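Peer 1: Got these off Swiss-Prot a minute ago, pasting:
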type: REGION; residues: 1-34; note: region 'Disordered'
type: MOD_RES; residues: Ala2; note: N-acetylalanine
type: MOD_RES; residues: Ser23; note: phosphoserine
type: MOD_RES; residues: Ser25; note: phosphoserine
type: MOD_RES; residues: Ser27; note: phosphoserine
type: MOD_RES; residues: Ser53; note: phosphoserine
type: MOD_RES; residues: Ser100; note: phosphoserine
type: ACT_SITE; residues: His187; note: active site, proton acceptor
type: BINDING; residues: Cys195, Cys200, Cys221, Cys224; note: Zn(2+) binding site
type: MOD_RES; residues: Ser207; note: phosphoserine
type: REGION; residues: 350-389; note: region 'Disordered'
type: MOD_RES; residues: Ser368; note: phosphoserine
type: MOD_RES; residues: Ser372; note: phosphoserine
type: COMPBIAS; residues: 378-389; note: compositional bias 'Basic and acidic residues'
Amino acid sequence: MAEPDPSHPLETQAGKVQEAQDSDSDSEGGAAGGEADMDFLRNLFSQTLSLGSQKERLLDELTLEGVARYMQSERCRRVICLVGAGISTSAGIPDFRSPSTGLYDNLEKYHLPYPEAIFEISYFKKHPEPFFALAKELYPGQFKPTICHYFMRLLKDKGLLLRCYTQNIDTLERIAGLEQEDLVEAHGTFYTSHCVSASCRHEYPLSWMKEKIFSEVTPKCEDCQSLVKPDIVFFGESLPARFFSCMQSDFLKVDLLLVMGTSLQVQPFASLISKAPLSTPRLLINKEKAGQSDPFLGMILGLGGGMDFDSKKAYRDVAWLGDCDQGCLALAELLGWKKELEDLVRREHASIDAQSGAEAPNPSTSASPRKSPPPAQDEARTTEREKPQ
């Protein structure tokens, strides 16, 4: 092994770190020594990796107006959207943890050992009934995509949408007009279902699953009689392979990261914000700030790239705080798209209403399964769900 070069600044500094550690181990002031070591390490990384250097701003101002002007420039050609439950709540779809209205606060009647059990694959295989009872309660029918969903549709229509990464399993992105190629459904989807038997894996469409749910029949495979499960990611299951394959290529070429309606607390989805190059602006539209982290600790722990909205070194991150639909309307207005967006929402909602009216069940038979819409309009719903790391 080559000997360390004492003239190299990093190796010299590293030697000092070792000396400090050796000295500290022999001292009684461990707490004070640990504090000094942390300060020394901060200085080390700042000097060798330019952690503390001021970066040139990527936007002419760190505001929504600055983002809009950037989007209108030649520099912004590929937008990635990262979305969570907050973009679907205005459609009447609850998130999981909001007090009194979140799904976890309304599961007592299912007599679960703990709320999360309803989404655990091991519990589901033994006791599928609570999940399908909940699925019937939550099944949309009347739910429509929101302004946020249609804003992403506009990005697609204008050739700006590179990909939408969604934590939601409600299929509203598809109903709004995004196609399979546009989407990475990180936590799966109700759009398709599969037999849980590894030797079978027969696939079933949403219309088939919808009929079973509304007839209160536990879905069983027509080939082998095993359970059939919607393709949502339960606790204990891996994320779809597409999540990782798209991530590897998409974030090499993204020009703007648009984050909407997510707390950025669920891994590995939350780590996607750190995949964007340092030269890529990031806009958060959410009710509260999210995704912030200590840049030093983030680098040490491999969680670098946290949002920085407020420090003197902020250079690319913008937070618009409030209702997600209102945030999209505000951005659309700055882009000159507001009327186009509002017209799109009205037109699409009218189409959904017309179809729902044509398919409305007879009141005397309302308990019967409803006729399934064609695939382009298929709907299902739960919402963003916390996944274990």
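Keep in mind that glycine also has a Cβ here, set from the backbone N, Cα and C atoms.
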Peer 1: How long is the line from the C-alpha of the residue listed as 'active site, proton acceptor' to the C-alpha of Cys195 (Zn(2+) binding site), rounded to the nearest angstrom?
Peer 2: 18
Peer 1: I want to check the contact list for Cys195 (Zn(2+) binding site): same chain, sequence separation of six or more, C-beta distance under 8 angstroms. What comes out?
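Peer 2: When sequence neighbours closer than 6 are ignored, Cys195 (Zn(2+) binding site) has Arg201, His202, Tyr204, Cys221, Asp223, Cys224, Ser226, Leu227, Val228 within Cβ distance under 8 Å.
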Peer 1: How big is the Cα-to-Cα gap, in Å, between Ser207 (phosphoserine) and Cys200 (Zn(2+) binding site)?
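Peer 2: Each residue's Cα considered, Ser207 (phosphoserine) and Cys200 (Zn(2+) binding site) end up 20 Å apart.
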Peer 1: Write out, in the order they occur in the sequence, the residues of the chain not among Cys195, Cys200, Cys221, Cys224 that have a C-beta within 8 Å of the mean position of the C-beta atoms of the recorded Zn(2+) site.
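Peer 2: Not counting the recorded site residues, we get Val196, Ser197, Ser199, Arg201, His202, Glu222, Asp223, Gln225, Ser226, Val228.
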Peer 1: How many neighbouring Cβ atoms, not counting its own, are there within 10 Å of the Cβ of Cys200 (Zn(2+) binding site)?
Peer 2: 14
Peer 1: Could you say which of the binding-site residues Cys221, Cys224 has its Cβ with the most other Cβ atoms inside 10 Å?
Peer 2: Cys221
Peer 1: Name the residue among the recorded positions His187, Ser207 whose Cβ has the smallest number of other Cβ atoms within 10 Å.
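Peer 2: Among the recorded positions His187, Ser207, the sparsest Cβ neighbourhood within 10 Å belongs to Ser207.
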